[in-house]
Amino acid sequence: NSSDLSPSSFFLASIPGLEAAHFWLAILLCSMYVLAVTSNCAVLFVVKTEPSLHAPMYFFLCMLAAIDLALSTSTVPRILSFYWFNTREISFGACLVQMFLIHTLSAIESTVLLAMAVDRYVAICHPLRHAAILTNTATVKIGLVAMARGVLFFLPLPLLLLPLPFCRSRMLSHSFCLHQDVMNLACANTTPSMVYGLTAILLVVGLDAILICLSYVLILKAVLRLALWKERLKVFSTCAAHICVVLAFYVPLIGLSVVHRFGKGLAPLVPVTMGNIYILVPAVLNPIIYGVRTKEIQRRILNLI
């Protein structure tokens, strides 16, 4: 009945109706997490130890692997602790830190995917200038810009929530902390936080998605100028892995956003499931996609095995 200006904790959401199966669900999540960690570490190791892979495309792939490792590690161990040991409660400070990491790392990954789309555009549409434009130094600078962009845009999110009073139920909709989820539990005017969060998402992830689509429109136009269908398929197939990775990132992200903004009447099972897909599926799929599509990585990993 009274507001708490400094909330001590929130409570993570379980999968409704499956509380008795938490142990087995945790084994499934743990298996996916181990697969994500192992495969992404393998990609990092292969690119580091293979001089022939020291090129911008593979450096971007290493950035993706590092982001996926950080994103899954910032959430999955806490989820497993909840499922195995029933530690449902998460402190307010830990929740804000986790929220900041999730949104910032997602923004960085979106920027890296845009950089990879530009890399494919330059390689296909301006092949003679590719080596001069996307040098190793330029790739490092792009990575630093991606990190700065993510931090600067999403650092205000926890700072805007910090002074808000929380007097409603502190039960979250997911097994981890997201800005929209935490913001909905506040009992004060959240308009500034909501407007800034939506603006940041549109200016980072939304803008990146538009520019990625524009890159592929230009790539498609260049491919269609080729005379033979075999040449068209061969050139466009170099983009297949990146297209799959983009879909693996944006489809769960868009689905989670739709659930938050328009899924008020949905069963509680939906947001929890969508949240777990958003955290784990890209981290598992990205190294597998590039491992299957890139012969150099595939051969090197098979040699390691």
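A Cβ is built for glycine as well, from the same backbone N, Cα and C atoms used for every other residue.
Now, the feature entries from TrEMBL:
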type     : residues : note
DOMAIN   : 39-290   : domain 'G-protein coupled receptors family 1 profile'
TRANSMEM : 20-46    : transmembrane segment
TRANSMEM : 58-84    : transmembrane segment
TRANSMEM : 90-118   : transmembrane segment
TRANSMEM : 139-162  : transmembrane segment
TRANSMEM : 200-223  : transmembrane segment
TRANSMEM : 235-255  : transmembrane segment
TRANSMEM : 275-292  : transmembrane segment
Problem - Segment proximity, the transmembrane segment (275-292) to the transmembrane segment (139-162), 3 or more C-beta pairs under 8 Å - result: no
Completion exercise
The answer for the transmembrane segment (20-46), taking Cβ pairs under 8 Å and residues 6+ beyond its ends, is 14, 53, 61-62, 65-66, 68-69, 72-73, 76-77, 79-80, 83-84, 86, 276, 280, 283-284, 286-288, 290-291, 297, 300-301, 304
